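Enquirer: Would you mind keeping the following structure in view while I ask a few things?
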């Protein structure tokens with residue numbers, strides 16, 4: 001019994017000792033927490049400095065603090081890379097991916113140095129057409145992510161008017177003028193060859209009608225890797241002549257002019273297209289023959305009558321039409337003056 005009282009008494013003493021120091025249990029975890037948080041102050045300061053600029057004792061951030069933060073290599077390098085990437089993307093877009101809506105919007109820096117890729121939307125005559133500019137081609141998403149408009153309303157004021165360089169095709173009937181022989185054939189051939197196809201135009205300059213003069217290339221199946229000069233092909237088919245004028249003639253290069261004249265001479269020898277039935281043709285002069293474009297605009301295709309006589313090139317046809325219109329205008333003014 002004495003042993004029991006002694007043991008219980010000692011236990012009570014122990015409990016009393018514990019009760020006499022109530023803060024001992026609560027202080028130990030606090031001490032541990034403080035120790036762990038203060039064990040590596042350098043690591044904490046480094047981790048915070050990567051994400052937050054240094055602050056003043058009052059908690060305010062000054063411009064000096066921000067400049068110090070940006071000078072940190074961890075912040076400076078990503079900023080430089082991001083800025084350089086944005087500027088490079090803008091330059092590439094402006095130089096290679098910016099769509100040109102019209103011929104008058106082409107920068108002079110493009111002439112003789114750059115080419116335009118696009119899709120032909122309409123063919124107006126035997127030597128000119130309209131193209132919707134598609135910069136970057138399929139790599140830029142044209143044809144699968146971005147579609148070329150098809151309606152006239154959507155295409156209005158959004159296409160480039162292109163005149164084929166170095167050639168002159170027979171004229172269709174317009175502005176009260178009669179059609180020149182083989183004009184319909186030239187227009188039909190160009191429509192079949194280009195309409196709704198992708199072409200590349202090497203631009204040279206603008207003409208007086210707001211069109212851009214260009215050498216145009218197209219690729220056709222099955223030899224898709226071979227590009228064809230559209231103007232050169234029309235000369236070979238006998239559906240156009242080499243452009244002749246005192247000034248403003250554009251071929252792109254001396255080599256191109258030589259190829260064009262050789263192609264025209266070959267079509268003359270074979271009697272292709274508008275050279276069919278022409279006899280006595282020498283050099284670039286006029287010959288006499290069984291009439292393809294004649295003085296009255298009626299040729300072998302146009303029926304009987306004055307269908308035989310002087311052969312007329314597209315250039316001479318235009319000149320004759322202007323002279324006739326000038327004479328008609330002068331006669332009209334004379335009649336009005338006589339009535340007064």
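Heads up, the Cβ atoms here are built off N, Cα and C, so glycines get one too.
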Enquirer: I'm validating the feature mapping. Which of 243-291, 292-340 is tagged region 'Disordered' in TrEMBL?
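Expert: Here TrEMBL associates region 'Disordered' with the stretch 292-340.
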Enquirer: Where does the mean pLDDT land for the domain 'TNase-like' (114-277)?
Expert: 93
